[in-house]
């Protein structure tokens with residue numbers, strides 16, 4: 001604190017590595033993070049109560065801090081701030097400071113001069129936040145200009161459409177307290193309207209809310225739901241609003257949500273996000289650190305067992321990494337490595353100690369303090385961790401660190417006689433500011449009961465109380481909490497805990513599960529029947545993916561429902577495991593036979609099994625053949641047509657690896673899987689790679705590539721037109737000089753310098769179509785489509801579509817390659833693909849036969865205007881250069 005006062009005051013925050021204050025506008029912008037800064041002396045305002053706790057009974061320091069805030073805080077700044085952060089940090093800090101100030105004044109020794117100055121400032125700030133609520137829904141805009149509001153021409157805000165649920169739902173404590181303190185009801189009315197709207201927009205079948213909502217329409221923008229970032233304090237404020245205001249409707253809403261959380265999100269000791277419309281499906285395989293507050297809220301709720309379990313799991317993660325990473329996976333690996341000194345875990349530790357009296361939680365607190373001093377302390381304060389794995393620091397010390405972390409740690413170790421007032425007479429806001437409970441009977445201008453809303457009757461004995469009673473929770477059993485923690489002591493050092501279902505116990509002693517995720521085949525009728533019995537249904541999506549959905553009520557029995565839940569969890573983990581596998585760059589399918597001669601290049605999705613084309617630079621070259629059965633999911637019935645050729649097959653009905661094994665057995669030298677979803681195209685879908693089947697795939701030695709339906713049809717059309725179609729499967733497109741070196745191409749000669757000359761055409765008309773240096777592509781554009789031969793203007797493609805068990809990789813790319821002149825003007829630098837040859841040179845002269853005339857007529861039917869061809873051509877070259885440079 002002294003360091004902050006010395007080096008940073010009156011700046012919003014201290015920068016502990018450079019020993020100076022962070023003032024918005026004077027330091028490089030950190031994006032949305034800086035929305036929490038408003039030149040409002042955040043740290044000083046938030047520290048008011050901390051001084052009372054940290055400087056034991058030395059309230060003179062508190063008195064001096066109040067005078068500084070009154071003198072230095074300017075609320076009339078032309079600056080855009082976060083409504084949420086300004087409410088919980090500044091408005092909450094002013095109201096908390098006012099609460100302590102009037103308490104000290106009543107004691108008659110300190111603050112005798114105080115005349116509600118902090119409350120007047122709070123009211124002024126409250127009015128400056130009200131313009132944000134000028135929406136039809138009553139949900140506030142996420143940002144507001146402290147001087148000009150929202151709609152003013154100089155406000156520089158008011159165009160946002162979305163806000164997070166916590167941002168709109170974490171206002172009621174501060175706004176209601178402001179109304180109760182001042183007698184001005186408008187603040188509480190606005191905060192209640194926002195909460196009412198969120199409640200009405202909850203997903204009715206699951207009783208869950210999403211992360212992000214449209215402030216104008218009320219539509220859910222992000223439909224995942226959890227108890228961490230984006231939602232956390234919405235739940236917290238529902239329960240605490242009941243405690244502070246005595247309104248039963250808030251408790252009923254909280255109980256409804258809590259029942260849904262424990263039904264869908266809680267997977268002890270984990271808390272995993274789910275989809276609000278399909279709550280049996282996990283939305284992610286990692287957790288963020290903000291959920292560490294939830295055990296503390298469960299203590300206030302009175303549900304101690306899951307609070308102990310989740311808290312212990314988090315503590316094991318901390319012991320492994322010294323701090324709680326900003327996000328970590330279900331198998332407790334670091335997902336986001338930062339740690340901005342968040343206080344939520346310390347908060348839960350304090351509440352668990354208050355509820356249990358177990359000295360174990362004092363040891364936890366001691367560990368937190370030791371880690372802070374050992375790893376985060378720097379000469380001018382405490383620095384956030386940039387990476388918990390390396391221990392590197394960030395020049396940042398958020399105001400919540402002093403306002404919350406130190407406060408909860410002090411309270412954890414403080415005896416009752418150490419306190420100058422009874423902490424039980426107050427409730428903590430989400431930013432650990434104190435509001436007096438007597439506000440529930442003061443200036444009640446709002447009806448307590450929302451009679452228009454019906455609440456679901458819930459069978460939950462926990463609803464009989466709202467605050468923990470240790471006599472009920474731990475009857476004559478001081479070892480109760482330890483018995484809950486014990487099974488979780490080594491949870492981080494083992495694989496992800498899934499010991500919550502009957503199926504897990506049955507693995508060692510009882511009957512085996514009816515179906516394991518790694519054995520599942522969508523084409524197996526037996527498997528589909530087992531899924532149906534477990535309440536799992538199969539949905540074929542338009543983009544070709546298969547989605548599994550479980551409805552426990554549709555299962556044949558409760559035991560089958562548990563098997564279904566276990567199967568779904570296994571499938572998620574299998575998918576997650578495959579996500580961790582190395583992402584491969586795209587591959588190329590190049591048509592090298594007449595009349596294409598390497599000019600048509602289709603970007604293909606790679607496989608995580610089979611020949612690695614990046615290690616076989618020559619690639620695999622051969623004629624293509626369609627297999628029977630076309631799905632390749634059983635023994636090939638036309639092996640004589642497939643032998644020594646590249647097999648074409650359709651996606652679906654079985655795993656990719658199974659298709660590969662069947663064509664390899666038939667003698668194929670490679671395989672191309674074509675998407676079975678009609679009209680799918682790389683133009684609208686991202687590139688992806690084909691995953692294995694969860695088993696050892698070392699037996700697969702041939703290369704396997706994937707094409708979307710639109711791109712695959714280019715090869716199929718060519719087969720129908722020319723019968724014999726030869727392709728090259730490679731890691732990237734080869735230039736024609738490499739492919740045809742030493743060979744004669746109709747009307748072309750490839751000389752020793754790899755220069756290609758058209759022996760029959762040298763017209764100036766053709767030369768006029770050659771890209772000039774000014775037309776040379778930049779590397780800043782994204783890949784689009786792939787051109788075929790310029791005269792034909794045929795379609796081209798990139799490959800990509802998410803596979804059920806193979807996650808999409810970002811972006812897609814398309815390439816086209818024609819004959820380059822490496823020595824010509826404007827040639828690209830070494831290592832980059834070279835520009836294509838002029839359109840006039842790209843089409844070989846054909847013999848004047850009927851067959852060739854018909855072929856030419858077929859391809860000429862697709863002719864595009866030359867300007868369009870040239871534009872597409874340049875884009876394709878740019879795309880290939882980008883792919884070559886970035887290796888995708």
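Here the Cβ of each residue, glycine as well, is placed from N, Cα and C on the backbone.
Curation plays no part in TrEMBL annotations; they are all automatic predictions.
The structure displayed is predicted, hence computed values, not measured ones.
Pulled from TrEMBL:
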ACT_SITE  85  active site, proton donor
ACT_SITE  232  active site
ACT_SITE  326  active site, proton donor
ACT_SITE  344  active site
BINDING   430  Ca(2+) binding site
COMPBIAS  760-773  compositional bias 'Basic and acidic residues'
COMPBIAS  824-834  compositional bias 'Low complexity'
COMPBIAS  842-854  compositional bias 'Polar residues'
DOMAIN    627-714  domain 'PA'
REGION    760-863  region 'Disordered'
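Sequence-distant neighbours of residue 232 (active site): residues of the same chain at least 6 apart with a C-beta under 8 Å from its C-beta are 166, 290, 291, 293, 294. Taking the domain 'PA' (627-714) as a whole, pLDDT averages 89 in the prediction. Taking the Cβ of residue 85 (active site, proton donor) as centre and 10 Å as the limit, one finds 23 other Cβ atoms among all the protein chains shown. By neighbour count, meaning other C-beta atoms within 10 Å, the densest spot among the active-site residues 326, 344 is 344. In this structure the alpha carbons, written CA, of residue 344 (active site) and residue 85 (active site, proton donor) are 16 Å apart. Residue 326 (active site, proton donor) sits 19 Å from residue 85 (active site, proton donor), taking the Cα positions as reference. The DSSP breakdown of the domain 'PA' (627-714) into helical (H, G, I), extended (E, B) and coil residues amounts to 20 helix, 16 strand, 52 coil. Contacts of residue 430 (Ca(2+) binding site) defined by a Cβ separation under 8 A and a same-chain sequence distance of 6+ are given as 88, 92, 170, 173, 233, 236, 237, 293, in order along the sequence.
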